[in-house]
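Step one of this worksheet: look at the structure below.
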Amino acid sequence: ECRWFWGGCNNDADCCKHLECKRKWPHICLWDGTFT
């Protein structure tokens, strides 16, 4: 189950599609800039 926007994460794989794990604190899922 993937993490949604602003969800806590350890790496990009934790986040849902089009989201990436922020490299610096707080480690949350943010939009990665993609649409497809």
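Glycine too: its Cβ is placed from the backbone N, Cα and C atoms.
What you see is a predicted model, and the numbers here were worked out from it, not measured in a lab.
If you look up Swiss-Prot, you'll see CYS2-CYS16, CYS9-CYS21, CYS15-CYS29 marked as disulfide bond, on the strength of a large-scale study or a structure entry. Sequence annotations record features per position, and here Swiss-Prot assigns site 'Important for interaction with Nav1.7/SCN9A' to TRP4, LYS22, LYS24, TRP31 based on similarity to another entry.
CYS16 (disulfide bond) has its Cα within 10 Å of the Cα of these recorded positions: TRP4, CYS29, taken from TRP4, LYS22, LYS24, CYS29. Here CYS21 (disulfide bond) is positioned 9 angstrom away from TRP31 (site 'Important for interaction with Nav1.7/SCN9A'), judged by their C-alpha atoms. Under the DSSP three-state reduction, CYS15 (disulfide bond) is assigned to strand. The two recorded residues, CYS21 (disulfide bond) and CYS2 (disulfide bond), show a Cα separation of 11 Å. Inclusion criterion for the recorded positions CYS2, TRP4, CYS9, CYS29: a C-alpha placed within 10 angstroms of the C-alpha of LYS22 (site 'Important for interaction with Nav1.7/SCN9A'); this criterion is met by CYS9, CYS29.
The separation of TRP4 (site 'Important for interaction with Nav1.7/SCN9A') from CYS29 (disulfide bond), Cα to Cα, is 7 Å. A gap of 6 Å separates the Cα atoms of CYS15 (disulfide bond) and TRP4 (site 'Important for interaction with Nav1.7/SCN9A'). In the three-state DSSP classification, CYS9 (disulfide bond) falls within coil.
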